[in-house]
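> Sharing the feature lines straight out of Swiss-Prot:
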ACT_SITE  8  active site
ACT_SITE  67  active site
ACT_SITE  139  active site
BINDING   8, 139  Mg(2+) 1 binding site
BINDING   67  Mg(2+) 2 binding site
């Protein structure tokens, strides 16, 4: 059964989420954040790299999904986000994982059925799809959503499974949910 790690990169908080995929079923394994908010940028990147590496070595995922950088209005923020993303990807690749990349819109479309969903909607759908009783922290939920998106994109999850998990929330959006990659 594939074990998928999702990464939501950030220069202060990098979210990670690990799920197990068994056919059309998903199981929560672990989620959290790598905190780097008090260090200078080189130390932050080191901490992201080491944190991702430690998590991968502990859990042994077989697949990885990382959220792509969006172009922020602030070029400095976009640069820092790109550096954090690079540190996370380098750690994954250093441990021989292939990395799938998805835009935030693709992830939201796959998980919520709506590419412009807000963070609260993503958190609620992650809870529903993984049968969680406690709402994950936003960065961890985004990382879990990236892993779920990858599970859907890898072809082992059927559209029907996702729509069943959505329940009443899928009404009116089922056609758009089929356009995920």
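Using the three backbone atoms N, Cα and C, a Cβ is placed for every residue, glycine included.
Remember, it's a predicted structure, so these values are computed and weren't measured experimentally.
Are these features on the surface or tucked inside, and what touches them?
The Cβ of residue 8 (active site) lies under 8 Å from the Cβ of 14, 15, 16, 17, 67, 139, 140, 142, 143, 145, 146, each of which sits 6+ residues away along the same chain.
The secondary structure of residue 67 (active site), as reduced to three states from DSSP, is extended strand. Neighbours of residue 67 (active site), defined as other CB atoms within 10 A of its CB across all chains, total 25.
The Cβ of residue 139 (active site) has 24 other Cβ atoms within 10 Å, all protein chains considered. The DSSP secondary structure for residue 139 (active site) is helix.
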